């Protein structure tokens, strides 16, 4: 009985599944033995049980977000993997907070267990390995941290980050030889060693074995095929800043200059070093040597640095001379060389500015930058705007776009060759394209065909009805928000658009007399079959509809698009009988109105 009581008391304070059922069983167990003793024991363990139940519910919220069927694959950047990474991070942070308030040894066991669980799924994530190892190191178990790093390098052998972190841990505890082996493992057979690994190993040797060991390795690293100018810069600055040996640093830079004269980055680093020495004579000599060998397209930053140097060390004559030379050199790289040689106010601004202090306001800077851009592009030919195709039209005024030799931005026009007549009853997909339609009977269907070659803007406008062409030609080419569609439709419906003549030469109907059928109406002849063959009822309906349409047309149209379409619905029935005999001769106004009403019906 005593052993069972102890097991119950351990179980009810552990946040595990079915802890509520365990608590009820424990109460029944104590009450079955002695109610007097049960009252004291239950009141003693009640707060502990409540705490365990709260911790279990909190932990369950984090574990429910984890996909326990996830495979341990390298991260691909998918949203699911990121969500799993976040879920594991939340669970690890929860366990590190020790919500159960247990002793440190037991809490550490729970954290280790959670990390091992996490690595079963996030096996290829270097940040989890690093976090696991550093947690061991901070907890005082350096040997466990080293074992984690060794496991991490087996899992991710190509990760330089983990190798540097492992070498850092070994060096921090005084194991220099072990750290040196980690650095040497970065080199492999020597051919795969990167410039960064050479630099970091030189710094490690300088810290651990002294200046002579670092210098000896630098001499060997210079012979490596992967040695870049970064190795020279790193060793020279180490000799200058740590060893206080300016002569050695200068010799290293000079040795690298013979090999990396064509590298603008190396020239700039060498110039910065000479800046610190305040050696203006050698700086000028360096710039002259470098600019004589660098091609113009790669010397932009060097010329900029040379100009800044003259603004600091030179007089007015030397400043102007260097700026003029810079313009002459860089003007050869562009087509507008003559405009580059001219002086501008922008040169004065750059000459008399310092750090974030400017001799003008921000608006003036924007204005000068804008003027400089316009000056560079003043002689460039602008393409004539077309509807998404090559320019084939010589008259730009018909499109409604005013000619501008220096447009602020290229205007993008839609490709009308891809446009089709809209019919809401069409079936989307290939079936709709293969379905027969009567769009060929419309006067404006030809230019929008996507089968033939691209059609110029003038040809499109010529094939449109006169009223529609005039409307399109008067449209402004303005970049901005789209207009209110309901307002535009209401204005068009209330306007008295002049009648036009169709291809057959037959006079078309005005807007007030009724609406012509849309393209979809022409293709569907079943819509115009009379449904009601009783003449008496038909006459009464026509008379009633005429009265209603007359009353509605006498009132001003509302702004609401839904109400406008309801009014147009009532006009369709009356106009369908009249317009059925005008196939191919509908006017622009009636076609527009009929298309609207047919679409809404």
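Placed from the backbone N, Cα and C atoms, the Cβ positions cover glycine too.
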Of the residue ranges 326-354, 355-383, 384-412, 413-441, which one carries the region 'Disordered' annotation in TrEMBL? 384-412
DSSP on the repeat 'TPR' (126-159): how many residues come out helix, how many strand, how many coil? 27 helix, 0 strand, 7 coil
Looking only at residues six or more beyond either end of the repeat 'TPR' (126-159), which have a C-beta under 8 A from one in the stretch? 88, 92, 96, 108, 111, 115, 118-119, 165-166, 169-170, 173
